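Asker: Copying in the features that TrEMBL gives for the protein in this structure:
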{"type": "ACT_SITE", "residues": "C350", "note": "active site, nucleophile"}
{"type": "BINDING", "residues": "C178, A179, A180, P181, G182, S183, K184, D237, D264, D297", "note": "S-adenosyl-L-methionine binding site"}
{"type": "COMPBIAS", "residues": "487-502", "note": "compositional bias 'Basic and acidic residues'"}
{"type": "COMPBIAS", "residues": "572-589", "note": "compositional bias 'Basic and acidic residues'"}
{"type": "COMPBIAS", "residues": "789-813", "note": "compositional bias 'Basic and acidic residues'"}
{"type": "COMPBIAS", "residues": "814-828", "note": "compositional bias 'Acidic residues'"}
{"type": "COMPBIAS", "residues": "829-838", "note": "compositional bias 'Basic and acidic residues'"}
{"type": "DOMAIN", "residues": "60-464", "note": "domain 'SAM-dependent MTase RsmB/NOP-type'"}
{"type": "REGION", "residues": "1-31", "note": "region 'Disordered'"}
{"type": "REGION", "residues": "470-502", "note": "region 'Disordered'"}
{"type": "REGION", "residues": "525-592", "note": "region 'Disordered'"}
{"type": "REGION", "residues": "789-838", "note": "region 'Disordered'"}
Amino acid sequence: MSRTKKGKRAGDKKQRGRGGGNNGNNDRTDYSAIAKENKKFENYYINQGIVPDEEEFKKFWQSLKDTLPTTWRFTGSKGHAISVRNTLQTHHIPALTNTTFEGALIPAPTPLSWYPDELAWQLTVGKQVIRRSPPFKQLQAFLVSETSSGNISRQEAVSMIPPLLMDVEPHHMVLDMCAAPGSKTSQLIEAIHAGEEERVAEAAKRLSGGEGIDTSVDGEPPEKIMGKTTGVVIANDADYKRSHLLIHQTKRLNSPNLIVTNYDATLYPSLRLPTKRDPNGGKTMQEYLKFDRILCDVPCSGDGTVRKNPLIWRDWNAANGNGLWSTQARILVRGLQLLKVGGRLVYSTCSLNPIENESVVHAAIERCGGASVVEIVDVSDRLPGLIRREGMKSWKVMDKDGTWFENWEEVLEKGVPYTDRLTRGMFPPTDQDSDLANMLNRAVRVYPHLQDTGGFFITVLQKKGAVKAAPEGEKIQTGGQKMKGVRAGDEAKKAAETTSDNDVKLVEETNLNSASLANGVKRALSAEDEEQVDPGSPIKRQRLDDTADTPASADKDEDEELKLLDIPSTEQNHRTQEFDEDPKTDVIAKKPRGNFNEEPFKFLSPSHDVLALIKKFYGLSSYFPLDNFLVRNQEGIPVRTIYFTSTMTRQILSENEGRGIRFVHCGVKMFNRQEVQDPEACQWRIQNEGLGLVEAWVGDKRVVHLKQKETLRYLMKELFPRVEDVAEIRERVEGIGGGCCVLRVNIEEDKDELGALVLPLWKSKFTLNLMLPKEERKALLLRLFNDTEGPKDSTREQRESDAKARREAKERGEDEDQDEEMKDEEDDGGIKIDGEDD
C-alpha cells in the first residue's frame, strides 16, 4: 500500500462501495496464502553478496521461510528479574524436560546463550503443542500472567542486542531517538538503574544505624548521595500516538529518570540545562545537554523481519530501502551532533540491506569529518555466544527499475529519474583501503540461519572530536525526465554564505514534512506490538505494505529539491533552525505538525502544605528530596495525583518550559488522593508504582513486617481480610493509625523467589487491603502459590448478611450501638479495590 503526497496511508479510510466484493469491509490479510517466494528479493541479496558462499546462502534463504521462535526477557531490576526467572527454572522447566507430544520429544524453553544472567529465553514450540500439552499450558499461563504484570516482555531476540552494546552506566544521559514501541528503551532504563537496589539499601542501612549521610558534597545531586541513579533516559518518537504506546511499555519500570518526547529525530532540538558561571570571566554561560549514549534504531524497510511479517515476500522492492536512506542518514548525523565527545552511539536496523546499513554509516561519518572524528568500535569480543558476521565495505545500488550502479559516476553518465532518490552518499567508499572503509567491517550483521533469529544490523560508533557536519551531498535533479545529474555543490556553497561555518543549518520542519520523513517504516508490525494495543488502533506500528516508499513528485522545482538537501532557499528567505555542537543562541523549538494535547509539568515547592503533611504522616527522612514532586495541571495544585522525578529530569523540564519542546511524559505516580473517614489518616496514599522509590525512607511508624508465607497468601487471596483474622501482624496493625503503610515481606525459605518484596497496605478500622493492581496480585498468587483462581472477596456475603441484619435491627429499634460500629467499619473500609485509579 503506498503513501500519498501528504504522507498519509492510502488505506487509512475505509473504501465503501468501491468494488472487490467485500462491501467495504477491511478484512485482515490471510498470511497463510502468501507465497514465500520473491525472485527480485532473492536476486537482490545474491547480487549484493551479503552471504558470499553459495551453499550458506541457500541455508540463509531457507531460514527466512521458517517460523520465528517466541522470545522474551525478564524485566525490571536485576534482583527482581532473577527472582521471576528462578520461578521458571524451578517450577516449569523440570516439568517441560523430556515432554513428548504425539510421540515426538518437544524441546523445553532455553536461555539465549549470549544474553547476560539467563534473563532472555526462547521457545520453539508451536501453538498446537501449547494448547494440547498440559505442561506447556501451565507455562503459557505463567508467561501470560507475568507479562500482564510487567515482569516479562515479549521481544525479538535480535532487538535485544543494541542496548547491550551501549555500555550504559547509572550516571549517563541517554537518548533513544526513535523509541516506540519501547522494548529497547526498557532495556536502557534497566541499565541506568543497575545496582540501584544495593546502593539504596546500603544508604538506608547507614541512615538507620545512626551514621547519617554526608550531604555536604559540593555539586552532588541528592540521588547520588542516597544511592539512586542520577542519569536520565530520554525516549523520543516522531509520532504522537506511538509515543503513548512507548509510555505504556516503559511505565511498568516505574523510573523517575525517564522523559518521553514527541519530536522529529532528524531535527531533535538542543535541550537547555541550568546556566553556569564561567570560573575565569565570571560570566553566566548557557549549558546545553549532550548525551553520553544514544540509540538510533532508525526507521527502515524491515526486510530482516520477514519471518514474522509475510507481507514482505509480496511487497519487497529495492525502492523501500533507497527511499529511507536520506532520513536514516539525517537521524544518524543529528545523533552524532548531540553526542558528547567520547560518547557512544549505536545505529541499528532490522534490515538486511547495505543501503540502509553500511551505506548510511559511511555517509554520516564522512559528513561529520571522517574516521578521525567518528570511529566504528570493534565489539567482536562482546556478547560471547552471539554468532555474527562482519559488516560490508563494498556494495551496489539498484534503482526501482532494477538497474545496478557500481558507483556515482555511472549514475551521472546514465541519468535516472530523481524519483529513485539516488545520491553519492549511497555508494561504497571509493578508496577500499581507507581507514573508514576498513572500519566498516567492525559492524555487526546477524543472519536468521546462524541462531534461529531475525535479521539485524548494529554498528557501535564513538565520537572522538567535535562534529562540523558538511551539507548533504549530490542528488540528481530532473524535470520529470531522465537527464544528466547536476552537482549540488554550487547551491550548497551559495546557501552556506548565509550561515556560520560552525553551525549546522537545517530547514524548519514545516518545509521537510518531518512527521512522515521521520516515521518512515520503523518496523513492520510485530506480534508483540499487536498484543499491546487494540486491533485497528492508530497506535499500531505501520505495516510494510502500508509504507513502501512512494517516490517524490518528478516535477519538483529547485526550491523543493533544495529543501530535501537541507539547504535553505535564497529566494523565499526560509527561516532555519541552528543545531550545532555548542549553540550560541537559545533556539526555540518549532512544533511538529499534528495534535498535541498534554497537561504541563508543574513542580511543587518543597514547603508546600501537602508535602509537609505527607512527610509528617509517613515519617519521611529529611534526606528525601521534596523538590522533585510535580503535578500535571496548569494551576500547579495537588488535586488527585502527585508524581516524583529525579533531580536531572526536573532541571530539564524546568529549563525548557515554554520553548516548544513536546514533553509527553515524565514522573512516577507517588501519591494518590484517597477520601477517608478516619480524621487521623493521611488522605494521600502511596501508589504501588512509586513505593519502591520511597519505601526505604519511610519511618518505622508506618512499616509492618511479615515473615510467614501463609499470612502473605491470605492477604493476597482475600481482598478485604479482617484485622482480627491476620494473626501474625494483628498486634502491629492495631497499634498504628489508619491509612496507608508499607508491608515488608521477608520469608527466608522463599527469598530467591520473592526477592525484596515490599507492598502497599491500607489499614482501615476493621479491615486490611493490599493496594495492588489486579494483574500483579494474580501474578504473585500464581508464581508463589500456583493459584490460578486469583483473589476473592469471601467477606462479601457476610457484609451483605450484616447489612440485612442492621436494617432489620433498625426497624425494631434494637442494637443501635452494634449498628453504628458496623456502619463505621463499612464506611472506613471503603477503599478502592486493588488500588486502581479511575
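Glycine too: its Cβ is placed from the backbone N, Cα and C atoms.
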Asker: Around the C-beta of C178 (S-adenosyl-L-methionine binding site), how many further C-beta atoms are within 10 angstroms, looking at every protein chain?
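Answerer: There are 28 of them.
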Asker: DSSP on the compositional bias 'Basic and acidic residues' (789-813): how many residues come out helix, how many strand, how many coil?
Answerer: 17 helix, 1 strand, 7 coil
Asker: For G182 (S-adenosyl-L-methionine binding site), just count the other CB atoms lying within 10 A of its CB, please.
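Answerer: So the Cβ neighbour count for G182 (S-adenosyl-L-methionine binding site) comes to 29.
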Asker: Take the C-alpha atoms of C178 (S-adenosyl-L-methionine binding site) and C350 (active site, nucleophile) and report the distance between them in angstrom, rounded.
Answerer: 13
Asker: If I take the alpha carbons of K184 (S-adenosyl-L-methionine binding site) and the residue listed as 'active site, nucleophile', what is the distance between them in whole Å?
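Answerer: Roughly 13 Å, rounded to the nearest whole number.
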Asker: Expressed to the nearest Å, what is the distance separating G182 (S-adenosyl-L-methionine binding site) and the residue listed as 'active site, nucleophile' at their Cα atoms?
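Answerer: The Cα atom of G182 (S-adenosyl-L-methionine binding site) is 15 Å away from the Cα atom of the residue listed as 'active site, nucleophile'.
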Asker: Return the count of C-beta atoms lying within 10 angstroms of the C-beta of D264 (S-adenosyl-L-methionine binding site), excluding that atom itself.
Answerer: 28
Asker: If you measure every Cα to Cα distance among C178, A179, A180, P181, G182, S183, K184, D237, D264, D297, the residues said to bind S-adenosyl-L-methionine, what is the biggest one in Å?
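Answerer: Largest Cα to Cα distance for the S-adenosyl-L-methionine-binding set is 20 Å.
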Asker: Hey, what's the Cβ neighbour count for K184 (S-adenosyl-L-methionine binding site) at 10 Å?
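Answerer: K184 (S-adenosyl-L-methionine binding site): 25 neighbouring Cβ atoms within 10 Å.
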Asker: Quick check for the class: what is the C-alpha distance, in angstrom and rounded, between D264 (S-adenosyl-L-methionine binding site) and the residue listed as 'active site, nucleophile'?
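Answerer: On Cα coordinates alone, these residues lie 20 Å apart.
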Asker: C-alpha of A180 (S-adenosyl-L-methionine binding site) to C-alpha of the residue listed as 'active site, nucleophile': distance in Å?
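Answerer: Cα of A180 (S-adenosyl-L-methionine binding site) to Cα of the residue listed as 'active site, nucleophile' measures 14 Å after rounding.
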Asker: What does DSSP say about G182 (S-adenosyl-L-methionine binding site): helix, strand or coil?
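Answerer: In the DSSP reduction, G182 (S-adenosyl-L-methionine binding site) maps to coil.
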Asker: Taking the Cβ of A180 (S-adenosyl-L-methionine binding site) as the centre, how many other Cβ atoms fall within a 10 Å radius?
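Answerer: Here the count is 30.
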Asker: Averaged over the domain 'SAM-dependent MTase RsmB/NOP-type' (60-464), what pLDDT does the predicted model reach?
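Answerer: Looking only at the domain 'SAM-dependent MTase RsmB/NOP-type' (60-464), pLDDT averages out to 91.
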